[in-house]
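Asker: Next up is a structure, given as structure tokens.
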Amino acid sequence: MPCTWITSDLQLRLILTLFFVAECLSAGMEGTKTSNNSMQQLDNGNHSSVSTTSSTERKQSTVTLYAEVKTSLSVLVDTKAVLTCPPVLWPSVLVVTWEIVLRDKPPCFGAYRRDTNQTTRGNCTDKRITWASRPDENPALQVDPVAITHDGNYTCQIVTSDGNFHHEYHLQVLVPPEVTLIQTEKGTAVCKAAAGKPAAQISWTPEGYCDTEQGPYWGDGTVTVQSTCRWGSRHVLNVSCSVSHLAGNKSLSIQLSQGAEIPAHLKNLYITAPIFIILIVVGSIWLLKISGCRKCKLKKTEHTPVVQEDEMEPYASYTEKNNPLYDITNRVKTSQVLQSEVDVVMYRCESSTIKKTEC
């Protein structure tokens, strides 16, 4: 029978070693006694020796009893989780040990010794992980509230006088994703399941031409899944996005502004038609402007007035009347004419060609 037992506590290991050494010694004494009896009975026949050996093996198997159970447990974040130990007879319990191995953290343990009614903790600093009640009544472990960092393995080991019993839990924390559904362009919808753990699955109703992408995992283990769906030339008005997740399913619906996407040739027509119309309008305005300028030039050449002398006379007479220079000149001319006439008359008087009375 093996006499070496492994625990997570050095002190617990010493106690268990002493206990099982005593068991080994008692088992050895029983084995010696049985062998002596079998040697004494050897003369009586081989049949009695075989039966005695088989009974000794059955007794040893009861001493080395070992049971191990593994369970995968999924718990929703921000809830309470209770982990139980294997069901055993409590009077036979010697030590209960919980070993906890979390992601990116060193292992820790909590132990209870029934003979001294004492509890110990080693390297466990998370106050959310505690005994569910008094360990002398129920050695179950509770996590309240559950956080993303509580992902890991939890193992309960009970040492009894009949053997060891293990129950290991693989705890997975579930984080429901945040679901959104929007329309990005005509006939295209995008459904996103953000920051979920584990990754969600997305489906569409009705089915279309869909492209689903999964983003990288964040440090806390969450991930975002996005699905983009198109329906081409189909006349689809209402679409639904269904998100499947271990934390719960969710469905959203949206009404598309246009049931079908505009074909490519119509898009090109819508783009080029306004440009063509603008070019026609600009060209028409340019042609009208050119033709109008030509007509204006022809009219100017045909109706150019010729300035005549008669038309200039009013201006000249006006200038002579209103200009003081012309007035002085006229007075000088008049005085010169009168002076010449006076000179002629005086000459005649002196020559007696004219009567003196007339002079």
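Quick reminder: no glycine exception, Cβ is built from N, Cα and C everywhere.
From TrEMBL, for reference:
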type: SIGNAL; residues: 1-26; note: signal peptide
type: REGION; residues: 35-56; note: region 'Disordered'
type: COMPBIAS; residues: 35-55; note: compositional bias 'Polar residues'
type: DOMAIN; residues: 139-257; note: domain 'Ig-like'
type: TRANSMEM; residues: 269-288; note: transmembrane segment
Asker: Please average pLDDT over the domain 'Ig-like' (139-257) for the predicted structure.
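Answerer: Residues in the domain 'Ig-like' (139-257) carry a mean pLDDT of 94 in this prediction.
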Asker: Which numbers of helix, strand and coil residues does DSSP report for the domain 'Ig-like' (139-257)?
Answerer: 3 helix, 75 strand, 41 coil
